[in-house]
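Chemist: Copied straight from Swiss-Prot:
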type     : residues                  : note
BINDING  : 630-637, 680-684, 734-737 : GTP binding site
COMPBIAS : 33-42                     : compositional bias 'Low complexity'
COMPBIAS : 56-99                     : compositional bias 'Low complexity'
COMPBIAS : 100-112                   : compositional bias 'Pro residues'
COMPBIAS : 135-147                   : compositional bias 'Low complexity'
COMPBIAS : 148-161                   : compositional bias 'Pro residues'
COMPBIAS : 162-175                   : compositional bias 'Low complexity'
COMPBIAS : 176-191                   : compositional bias 'Pro residues'
COMPBIAS : 211-221                   : compositional bias 'Pro residues'
COMPBIAS : 257-273                   : compositional bias 'Low complexity'
COMPBIAS : 431-445                   : compositional bias 'Basic and acidic residues'
COMPBIAS : 490-499                   : compositional bias 'Basic residues'
COMPBIAS : 506-515                   : compositional bias 'Basic residues'
DOMAIN   : 621-793                   : domain 'tr-type G'
REGION   : 33-462                    : region 'Disordered'
REGION   : 485-515                   : region 'Disordered'
REGION   : 630-637                   : region 'G1'
REGION   : 655-659                   : region 'G2'
REGION   : 680-683                   : region 'G3'
REGION   : 734-737                   : region 'G4'
Amino acid sequence: MTSSGKVRIYELSKDLGLENKDVLDAAEKLSIAARSHSSSISETEAGKIRTLLKQGGSPVASAPAKPAPGKAILSVRKASSPAAPSMPSKPAAPAAAKPSPKPSAPSRPEAPLPLIVQKPVSRQAAPQKPVSRQSTPAAAAPAAAPSAPAPSAPTPRPKPTAPKASAPAPTASAPSAPPRPTSARPTPAPARPTGTSPVKRPGSEASSPRPTAPPTRPQPKAPVNRGAPARPAPKPELVGRPQPKRAAPGAPVRQIGQRPGVSPRPSGPPGQRANMPQRPAGSQRPGAPTRPGNAPSKPGQPRSGASSLELVGKPIRRDGSNDGAGGRSDGQGRPPGAPRPGAPRPGGMPGMRKPVAPGELMQLQKPNSRPSAPPPRRVDGTPVATRSGEAAAGGAKATPPVSRPTATPPAAPRRPGFRPGPGAGGQRRPGRPDWDDSAKLEALRSKSPQKQRQKVHIIGENDDALTAETGGFAGERQAMVLSASLARPSKPRTKHKPAPKPVAAIRKRRKETARQRQRRRAMELRAAREAKQVRPEMIVVPEDNLTVQELADMLSIESSEIIKSLFFKGVIATVTQTLDMPTIEAVAQEFGVPVLQDDVEEAAKKTVEMIEEKDHAHLIRRPPVVTVMGHVDHGKTSLLDAIRQARVAAGEAGGITQHIGAYQVEIQHNDSPQRLTFLDTPGHEAFTAMRARGTKVTDVAVLVVAADDGVRPQTLEAISHARAAEVPVVVAINKIDKEGASPDRVKQELSEQNLLAEDWGGDVVMVPVSALRGENIDKLLEMILLVTEVEDLQANPDRLAKGTVIEAHLDKAKGPVATLLVQNGTLRTGDVLAAGPVLGKVRAMVDDGGGRLKEAGPSCAVEALGFSEVPTAGDEFEVYPDEKSARAVVGDRASDARASRLAQQMASRRVSLTAMSGQAKEGELKELNLILKADVQGSVEAILGSLEQLPKDEVQVRVLLSAPGEVTETDVDLAAASGAVIVGFNTSMASGAKRAADANSVDVRDYDVIYKLLEDIQLAMEGLLEPELVEESLGEAEVRAVFTIGKSAVAGCYVTTGKLQRNCKVRVRRGKEIVFAGDLDSLRRNKDDVKDVATGFECGIGCDRFANWKDGDIVEGYKLVTQRRKLAT
């Protein structure tokens, strides 16, 4: 109970031991406003609900569901008969389903028992008299003896052959009905059964079949009920209103709560009406649903007044009042779920019905008397049986009598009678108008055009003549004769033509199927092709550009996928459009394929042949050059340390190699000393060019793979370099001593790259080693020498030297220093050489151990001093006989180098017009100016390449100067003038540079690990971006009451999630629409201003600029927080 003395629904349900839904249903029935289980109601209302639930049990079981306004509610109730207390509780359909001997009549397999549709209220009514419930028209014996007579043998009914062409009428049971001449009408039975002597009900199986209307039908014998006088076979006649709630067995039952009102008249022909059961042309199949509302009379069968249900009582109102005289109590012995044979089954479509006043329920009753001589009439929905004997009543058709079952099976329950209602004789209560002509017109439209049109009078469900025991026969005397032109006979013909429509559809489907077959085959072929295509591990891009189609072919995907990917990135591309390198990398990265530039692979190819023809006569064997490659942290330098017995890896910054290291090792092989030259390449992804240069000059590539990590991206790149240089590969599986090492897994992954181990049947040497413990190092060296012996490595030491610049840097004491690998000839001190556009004269040479050398033969790696400037790493050098010839070559190369360098600088500053305009709209073009100084040329290349990969959509990186060497005072002056940041990598500051930087407030950063350098540059770029505001959700509340205070309004809310804070941002959501967004100006709880309200508490919310609160509104609270922006990738 709340503090205000109210009770919540869930508390009440807990007290009563019921579900919340049951209590809510009871509250809804009592018109108590309760939205959910947490709604509050007063103690008085709670008491009403307790009383209702204690008296009637669960609302679901005690009361029908509350109807929508203007709809009647039907409830199915078990009827218990005082006259038949021993009636079984289960449905008696199996017992009642036994047909009388009727050989030719088709029977329905399952005939449900009649359905009593009524409101469960006590009725002040006279005792009802039971009559025989037969769905077949029984005119021969309106009154039956209490004992079941033996049925006479019926004449077999021939199967109808002529189909009907009429559409079903909404208020009639069949399109055509035989007319009933007055001369053929029998008089009512002199004595009717009383409520204590019920007549046994014949099996519904015999009356359920609905054959199609035959043009002629033989006259069957009419069975005579024992105890009733034999009478001539009368014509079928209407003994009650056409009842929308009754249909033949097998008809769909209207669900409880369905509106029994008049359905709107369909605009199209009957054959095209949606949501209406379509009857085949002429006949009703056994088991096929009949339109609810059709009369249950069968073709060719006389109708008995004692065997048909009628609406003879006034509709029962929900308030329990019973104005009419008809009413059947709940105690008539029918099982609760057993439907009556004439009731429509659930799921069926209701037919055309008349509107029912809100709160009314229909009641089915039987008449207790029949009019003596009603005028001829026609029951809608009964097929015409014969055309013989129609002389009476002006040529109207007469239905011959048929054999009717007179006895029920022994197990069939006795049906109690019904009480006669007042107004017997078919007198209509004065003051009630006839039903509208639309129903009559619809009934007339459904008639077959071949049949003679009859006078049709449609009696609605709610007509006051429901109180009449005859069900409105008296109203027929005022029936309106409709014009024949209103029948529109052409519409029913469409029901005969359902066949052409499927034919046309089939034809259309065949055409579509052919196209779909072609599409399906194309899709299957494409899917098979895609299944066969394996996505490559890496793609090589030639000339830094590809078209969309070429990229799709390389990635083994559809070009449309690439176009879609580019579209989501804001790039509109076609199949033939050329993509630049950054776009190609972005697309390939999305599909998980790394990209290798073709120029990098070209750098790994041996483009210059070091041995000329004149050298062939002087060739001798040279030591092999071995390049150690692999992924970062896989143990390359540690392996070289183990070979050289040195400790290089321990002294490297960050524990990673960032330069090419050249070492010479002398080992014993076959009792003779052998020399090996090792090049240690960096494994970081930024040093791709360095690895390519190392592979270009190598003779054997040693691929180091960690046994606990397997094949990684740089491993794949190293394999690509080795294949481009066409050098043999020796795999060293390192770290076999670590826990989790799996050499076999490494071999399996390498086999997927077409590197198959020798012990697996391949030709690739794979040696498991441990660099830290020194395991299998000798075996690895032996395998390297065996591989190089096969290669037959030779050179001419008696000529001028030729080779490659492995690395270059600027030493503040020594000047420009280059690491040279002599590949042919002998390099001596004092030689003049040209390394690309750089001229140099060798002043000194130093080996890897720091010792001075006078000369260096083939496969020797040395550091040379004496260059005019720092040469470019990767350039070939050649010694010339004199300085003049060397200067001529260098001059030509310098002009070319200058042009390419200018192009690179322009490319680094290039900004597209689209990007400039977009940034100009934001108010400022954001740029980060850098001056890059590094220790060696290779490091400058690596850093520039990594900077190119940073996203530049929002911030441009401009490298004003990049060179190896120290940071000088000139660099500081340039940075101060341009607002640049000086980035140094493994270098120092010259004298005066530090003082100049402090004086000009220039930011100078020095790094020794490339990871940290790139990370700080990216953070600096993000620092130029404006911070963004992000919504942070606080909570939600539901408006449950609105209070008006002056001109403003306050919403009484219940906080469902999170919490609400004063002065936070709120959105008011009504359904799916946001009706207000602004600030929460007032937040109160129990008339006290509070800062916040947590979940589960009620509060009052006020907004100065919003007062249109409504119950059920959702208030979302949030706040805006600033967040550092990231670079868009």
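Just so it is clear, glycine is given a Cβ too, placed from its N, Cα and C backbone atoms.
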Chemist: So if I draw a 10 Å sphere around the Cβ of Gly630 (GTP binding site), how many other Cβ atoms end up inside it?
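Modeler: Here the count is 28.
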Chemist: What's the number of neighbouring CB atoms sitting within 10 A of the CB on Asp633 (GTP binding site)?
Modeler: 16
Chemist: Could you tell me the mean pLDDT over the region 'G4' (734-737), as a whole number?
Modeler: 84
Chemist: How many helix, strand and coil residues does the compositional bias 'Low complexity' (33-42) contain under DSSP?
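Modeler: Its residues fall into 0 helix, 2 strand, 8 coil.
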Chemist: Across the region 'G1' (630-637), what are the DSSP residue counts per state (helix, strand, coil)?
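Modeler: Residue counts in helix, strand and coil order: 2 helix, 1 strand, 5 coil.
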Chemist: Applying a 10 Å Cβ distance cut-off over all chains shown, what neighbour count does Lys636 (GTP binding site) have?
Modeler: 30
Chemist: A 10 Å Cβ contact count, applied to the binding-site residues Thr681, Ile736: which residue has the minimum?
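Modeler: Comparing Cβ neighbours within 10 Å for the binding-site residues Thr681, Ile736, Ile736 has the fewest.
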Chemist: What does DSSP give as the helix, strand and coil breakdown of the region 'G4' (734-737)?
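Modeler: Across the region 'G4' (734-737), the residues distribute as 0 helix, 1 strand, 3 coil.
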